Amino acid sequence: MRNIVMLGVQGSGKGTQAEMLAKEFFLPTVSTGRLFRSKIEEGTELGHEIARYVEQGDLVPKDIVCQVVTNWMDAPAARDGFILDGFPRNVDQAEALTEMLSKNGRMLTDVVYIRLSDEEAVRRLSGRRVCTNRDCETKFHVDLHPSKHDPDKCDRCGSELVHRSDDKPEAISRRLAIYNRETTPLIEYYRERGLLREVDGEQSITEVFKSIMENFRD
Ligand code: AP5
Ligand code: MG
Ligand code: ZN
């Protein structure tokens, strides 16, 4: 059984690669950011609270994150393995994850770390366009890989594409600062535990995927 975590700076391609890996390993995948964006759209009180953090690029409080992740991980679909994208984001959350898993005798098996420079991260996020259909959320990039038929519509499902509100310059620099302060310690944390599978993110999407698969074969 594989319980995988995707780690890497914003824009490193965690979401992009998690979806490719999910198909390869027949595993369910979840992005905490995506779960939060759905909650925001539902317009509930919880959604309003989450929006205050996400739109600024700040971390959502731990209690909310852990609740949302636990609900997803304990559902029947995720009992035989999963891929988490966007959680954990600091040592505190990593410890909470170990605890959540050990309650049902599970443990983390792999951490895929996609290495990328901050400069490239900014370039990817500034040009990212995301499909507004929550069941699709296909990602495009205005220069690197635009939607082919119509630059404002999703090639896969035809829905409208948007520039995420946290992909504006101010929120991007806040997110990167938080990543560098809170999330980078997880690289050593998981390396020490022998779980880290590190790949170079400064390659094309298919090359990054190839590197991840080669790493799993080693
Ligand atoms: P989330 O949605 O997880 O956003 P993020 O962490 O900022 O990560 P991104 O989705 O921006 O990056 P990605 O690595 O998935 O890149 P992608 O594949 O899209 O979280 C949003 C917010 O929710 C957070 O800011 C926070 O507020 C909150 N939150 C979430 N989890 C939380 C937690 N655990 N605790 C507290 N708060 C939490 O790729 C980026 C772009 O590059 C795309 O355009 C893509 O097409 C392109 N691209 C990807 N790979 C390549 C490549 N190899 N070559 C060229 N282009 C590429
Ligand atoms: Mg993502
Ligand atoms: Zn779509």
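Glycine is treated like the rest: Cβ placed from N, Cα and C.
Under 8 Å, Cβ to Cβ, and six or more positions away along its own chain, THR16 (ATP binding site) finds LYS139, ILE205. DSSP assigns THR16 (ATP binding site) to a helical segment in the three-state reduction. Positions annotated as ATP binding site by TrEMBL: GLY11, SER12, GLY13, LYS14, GLY15, THR16, ARG128, GLN203.
Feature annotation from TrEMBL assigns region 'NMP' to 31-60. Using a Cβ-Cβ cut-off under 8 Å and counting only residues 6 or more beyond its ends in the same chain, the region 'NMP' (31-60) has close neighbours at 14-15, 18, 68-69, 72, 84-87, 89-90, 134, 137, 165-166, 170-172, 174-175, 178, 182.
Note: THR32 (AMP binding site) has non-local neighbours VAL60, VAL65, VAL68, VAL69, LEU84, ASP85, GLY86, PHE87, i.e. same-chain residues 6+ apart with C-beta under 8 A of its own C-beta. THR32 (AMP binding site) falls within a helical segment according to DSSP. Residues or ranges marked as AMP binding site by TrEMBL: THR32, ARG37, ASP58, LEU59, VAL60, GLY86, PHE87, PRO88, ARG89, GLN93, ARG164, ARG175.
According to TrEMBL, the feature Zn(2+) binding site maps to CYS131, CYS136, CYS154, CYS157. Taken residue by residue with DSSP, CYS154 (Zn(2+) binding site) is part of neither helix nor strand, so it is coil. Listed in sequence order, the residues of the same chain lying 6 or more apart from CYS154 (Zn(2+) binding site) and placing their CB within less than 8 Å of its CB are CYS131, ASN133, CYS136, THR138, PHE140, SER147, GLU160, LEU161.
When the binding-site residues LYS14, ARG164 are scored by other C-beta atoms within 10 Å, LYS14 scores highest. It is 27 Å from the Cα atom of CYS157 (Zn(2+) binding site) to that of GLN203 (ATP binding site). Around the Cβ of CYS157 (Zn(2+) binding site), the number of neighbouring Cβ atoms within 10 Å comes to 13.
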